[in-house]
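Visitor: Can you read through this structure? Questions will come right after.
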Amino acid sequence: MADHNHSHFQHLYLVLAGIPGLEQKHHWMAFPLGALYVIALFGNGVIISTIKSDLSLHLPMYYFLCMLALADMGLALCTMPSMLGIFWFNYKSIDFDACLIQMYFIHTFSAIESGVLVAMAFDRIVAIWKPLRYSAILTNGVVCRTGAVILTRAVCVVFPVPFLIKRLPFYGSTLLSHSFCLHQDVMRLACASTHVNSLYGLIAVIFTKGLDSLSILLSYVFILRTVMAIASGEGRLKALNTCVSHTCAVLIFYVPLIGVSVIHRFGRHLSPLTHVLMANAYLLVPPVLNPIVYTVKTKEIRRKIIQIFVQTKITAGG
């Protein structure tokens, strides 16, 4: 009877990890980490405000970019409290339910970002294949419905995950591998069979990231075929140039994601530091680099940032 009760005991708190082997230097890492969050939030905030205020940017491609920026801000805000808590205040405990909530939002925003990248790929197909009918095909209604489908899919697919974790008993180790809660990481601490969790996690990944990556790949095959049919070399170069920012965003998102997935499944022999760095890259690199990429490639956004910088400098000088 005692064993039965013990098997259903649940820890109230889990312990988050910093960077293995560098615990004594966490306070030094807090400053560059804080700077990365400032860049992510400021950069994506500027993109959203610029698109909202500039009527010339009220086009489907910029609406999708706004969705991407919102997803990036969501990812950054999900991990910021626990990451800064560890590196600024050495506070590593997290309530089990809070961990599940963080895990849900991390995976939801990740699925949203993946879906937005697919929508942006479709946007590039229409812009290159049917440029004269671009506005007629991608109307505001189509963009809104696409955004609603992306959001609904992410919310519904990830929704069962916390409940599948909640049903498991946890009475062994409480130490997580990362500075935030991921499904695979929390699941490995369970003291019971996790076959259902693993199966559903695999199905969810295939239904979101798997289908999305395949759709993006097929989109670019179609785009390349369409571009190769353009007679002039200058026209082909101009068409491909419109895809550079999106291609960078896809690589920025999927390369760390694939790396984390491979390491979790086949890299158990690797050092904990490798796991931590890959997971941090997976969640921090897209929110930080996407605004930089789109700022460099979009003169309207670049002009807005220059205006903000000049106004700030004038205010500080005054």
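For all residues, glycine too, the Cβ spot is worked out from N, Cα and C.
Where the annotation comes from TrEMBL, it is an automatic prediction and has not been curated.
The annotation domain 'G-protein coupled receptors family 1 profile' is assigned in TrEMBL to 43-294. The transmembrane segment annotation in TrEMBL covers 28-50, 62-89, 101-122, 142-165, 199-223, 243-264, 276-296.
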Visitor: Do you know the mean pLDDT across the domain 'G-protein coupled receptors family 1 profile' (43-294)?
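Guide: It averages 90.
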Visitor: So what's near the transmembrane segment (142-165) in sequence-distant terms, Cβ-Cβ under 8 Å and 6+ beyond its ends?
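Guide: For the transmembrane segment (142-165), the far contacts come to 60, 63-64, 67, 100-101, 103-104, 107-109, 111-112, 115-116, 119, 183, 186-187, 190, 196-197, 200-201, 204, 207-208.
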Visitor: How about long-range neighbours of the transmembrane segment (276-296): same chain, 6 or more residues beyond its ends, C-beta under 8 Å?
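Guide: Same-chain contacts beyond the ends: 17, 19-20, 36, 39-41, 43-44, 46-47, 65, 68-69, 72-73, 75-76, 78-79, 106, 110, 113, 177-180, 182, 245, 248-249, 252-253, 256-257, 259-260, 263, 302, 305.
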